Amino acid sequence: MVADTVHVGQHLAGHPSVHLFGHEIVLDVSIPALILSTVGAAFLLRYTLSIFRLFLELTVLPGKDIKSFQSRKGETWAVVTGCTSGIGLEFARQLAAKKFNIILVGRRQSALTDLSKEIESKYDVHTKSVTVDVSTPGSARDDALTQLELLAQNLDVGILINNVGASHSMPVAFHETERSEMSRIIETNVTWTYLVTRSILPSMVARSKQKGAPKSLVITIGSLSGRIPSPLLASYSGTKAALATWTKALAEEVKPQGVIVELVQAAFVVSNMSKIRKSSPFVPTPAPFVRSTLNSIGLPRGAQGRPHERTPFWSHAILDYVVGFAGYVSEMAGIKVILGMHKDIRKRALKKAARDEKKAE
């Protein structure tokens, strides 16, 4: 049976009425209240579904299989920058465990040699090493980029992990930051990331644009300091924000050619750069952080609504999601909390430096 046309009218008391199946139904609410209730219900539904999606992505939904980026087992290579400690070291190990050959990029040749021996003996894969100080422009860095470009042209490079990064030695006001420190941060976090990606990406595009070819993957490690402006780390925070915009633009450029480009957002992780030595639920060691990153390719988790970004580790994802939930209010609250935290860190760092200086006298 087909229902009569639904007709919304105005009842004598100013309440809306609906004609359905030949009967008039009077709603005991005013039209403005009905509109507000409908809008409120829509927002409630939206956020309920969003939270449910976050829960599913953190618990049961799988990301894209990392092995899908391999052409043939044992022949595909992954490039990992900043690979001799922390997150980069763990990326090299876990990708090798998945039978990717590894191109190791780092500053210290001795550390690269030791890591190369470890990976080849433990995981039965091949390695190559490129030694470079990424923070220093010049012929040595240019030579390293040329070397990486040639390796990408001659090997089946399917993954690039832009991990290497630099931050301030301690929180500091922007107008008091040494120029040398500022340059080191910009050259490492932005300039090198752009240049190394430019060197390797053409070969990845050529590899993946063919019909039936495996996709390629570029992962750049970002920071929630770029997501939430971080006073007293302004230079570092700005470089990480730049990487987010660059990633989104680049991802759309190369998506039709079969290359996936993602920015992975991270909060604190136990590492030399963070200067944190003890793990906690909100500060993981590199191993679980990298595992969550490789297991969630394509899933935004805490970065919902931000294309080509993801926040993979569960506690970082919840933090990112909460900050975005209330928009301006939560972001401003986050900025104030971060400023207070950085003031405290700076105060303690200056006291320690003073004690060390006194001991050295």
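Any Cβ shown, glycine's included, is placed from N, Cα and C.
The annotation active site, proton donor is assigned in Swiss-Prot to Tyr236. Look at Swiss-Prot and you will find Lys240 tagged as active site, lowers pKa of active site Tyr, backed by similarity to another entry. If you look up Swiss-Prot, you'll see Val79, Asp133, Asn163, Arg198, Tyr236, Lys240, Val269, Ser271 marked as NADP(+) binding site. What Swiss-Prot lists as transmembrane segment is 32-52.
Across the binding-site residues listed here (Asn163, Ser271), the residue whose Cβ sits among the most other Cβ atoms within 10 Å is Asn163. Arg198 (NADP(+) binding site) sits 18 Å from the residue listed as 'active site, lowers pKa of active site Tyr', taking the C-alpha atoms as the reference points.
The Cβ neighbour count for Val79 (NADP(+) binding site), using a 10 Å radius and every protein chain shown, is 31. Counting only same-chain residues at least 6 apart in sequence, those with a Cβ under 8 Å from the Cβ of Tyr236 (active site, proton donor) are Ala166, Ser167, His168, Ile185, Asn189, Ser223, Ser225, Ser230. Summarising the NADP(+) site geometry, the residues cited as binding it (Val79, Asp133, Asn163, Arg198, Tyr236, Lys240, Val269, Ser271) extend over a maximum Cα to Cα distance of 28 Å. Counted over every protein chain shown, other Cβ atoms within 10 Å are most numerous around Lys240 among the recorded positions Arg198, Lys240. Ranking the binding-site residues Val79, Asn163, Ser271 by the distance of their Cα atoms from the Cα of the residue listed as 'active site, lowers pKa of active site Tyr' places Asn163 first. The C-beta environment of Asp133 (NADP(+) binding site), restricted to residues of the same chain at least 6 apart in sequence and closer than 8 Å, consists of Arg107, Ala140, Arg141. The DSSP secondary structure for Val269 (NADP(+) binding site) is coil. For the recorded site, Arg198 (NADP(+) binding site), the DSSP three-state label reads helix.
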